[in-house]
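The Fe cation 1 binding site feature in Swiss-Prot is assigned to 29, 40, 108; the stated evidence is sequence analysis. Feature annotation from Swiss-Prot assigns Fe cation 2 binding site to 31, 40.
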């Protein structure tokens, strides 16, 4: 049996080796013209990997399936069961390498509907926590965050307009606006204020999110 050097490297506590970080987003979802269809997965992965590097917790990868409210039609999504099954796979394999606490960093609002099923995976020796970053879809904050991560096309901001792409701010998603008051309020804000790139805010927001998740890891170990 090999003796592993758990104290080696840039970690803040040996107990962090019992902690796993999972990214959750979406891979197939329209985000206007300036952001890619896998924006949520890339932002979640970027934050999760940086939190892993900063803390020493293990980055276990990104969940491939994603889900969504049935009335939000701006991409291709999967069932809640599909998402939970993939998370179970990561958790089961994480347990094999000594992980008993899992932090899921979710950057897709539709995935919040898995919470009830996700809670059923918890047990006395396995704890799973999901923390979400839910920004107005493809709008100012997400555009600015996408710039900070490095996935935004600044040239395409010229055509990144909800009048052209209905999913921006969900302005043109009539059914979603009718059935979800929060979505409608965000859409009205985008209609009133427009969408613009704020590079300074994007960098600040990214830094704040990473710092916040680092603190969550500290509190979980």
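Glycine too: its Cβ is placed from the backbone N, Cα and C atoms.
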*Tell me, how many other CB atoms lie within 10 A of the CB of residue 108 (Fe cation 1 binding site), whichever protein chain they belong to?*
26
*Most crowded position, judged by CB atoms within 10 A, among 29, 40 as binding-site residues*: 40
_Under 8 Å by Cβ from residue 31 (Fe cation 2 binding site), same chain, sequence gap 6 or more_ = 37, 39, 137, 138, 142, 167, 168
*Residues within 8 Å of the 29, 40, 108 Cβ centre (excluding the Fe cation 1 site residues themselves)*: 25, 26, 27, 31, 38, 39, 41, 66, 75, 107, 109, 110, 111
